[in-house]
Amino acid sequence: MFTLCIYPCLSISLCFSLSHKDLNFLLKTHFGFSVFCLSLPSITLMASIIESGWLYLITHFSDFQLASMGSFLLHESVFFLSGLPFIYLERAGLLSKYKIQTKNNTPTAQEKCITRLLLYHFSVNLPLMIVSYPVFRCMGMRSSLPLPSWKVVLTQIIFYFILEDFVFYWGHRVLHTKWLYKHVHSVHHEYATPFGLTSEYAHPAEILFLGFATIVGPAITGPHLITLWLWMVLRVLETVEAHCGYHFPWSLSNFLPLYGGADFHDYHHRLLYTKSGNYSSTFVYMDCTLVLHLCLMHVHEALDHYSL
């Protein structure tokens, strides 16, 4: 599912003040083909449609409406449309050879997850989006034309992923301390066999705590609203994929070495909290670095012991 993220990213970037020369360089460098293989009128048409659509939004809705209700509706649409198919796959037994765990969740457990999610989304997520609007405005968020260049969008999205992963890693480790796990994080771990929608099944305190990792990047850079929406879509698709419970041949972790994916995070849910590891949200380098550091510490201690 996450592998589809590159297409909206590319499509949106086409209209962000992107010259024919810049687009040609981007496609040749990252995708191996030239813009001359594409129809220039079709590119121009796509850019015009996206910009016209954005003009319609900012003309008919206020910044507050777009940043709060618009963000909420976009989040709910992407989250449930990407997460619900995995419930169907599990119930129907389709693609079972790619399922990481043989155990299935009961329909009752799945329905409980959906009910609790709707409650938390409307009572926690929506109010949070509303009250955070003034903060983002103060940090420089805007929704007006012109749209940002693809270079700005790409740079900010990469920065958000790296920063979010770093902050999430340490916050997640804190949640796995004994008291916080028992009273807060254990809610998320009620599902030892995760499926897509369990990605956001958590205690309200955890939603606020780890949600900081997602918004800290945009809060620092003050992005255009369309960049913020793109970041939100990619982050939702990534976390749903990490909890989907399936490892497909086309999963991104098969092609991107540092990407964790479903297999990486599923392991985290299968084990007891004191032994789980795999705390990162997106990439694996934080976990690998810390494990290597601990191993070197033990080796150093052993060498000191035998040298005495």
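Glycine is no exception: its Cβ is also placed from the backbone N, Cα and C atoms.
Given the ranges 69-89, 279-299, the record in TrEMBL names 69-89 as transmembrane segment.
Helix, strand and coil counts under DSSP for the domain 'Fatty acid hydroxylase' (158-288) come to 91 helix, 4 strand, 36 coil. Here the transmembrane segment (117-136) sits against the transmembrane segment (69-89); at least 3 CB pairs are under 8 Å, leaving out pairs fewer than 6 apart in sequence.
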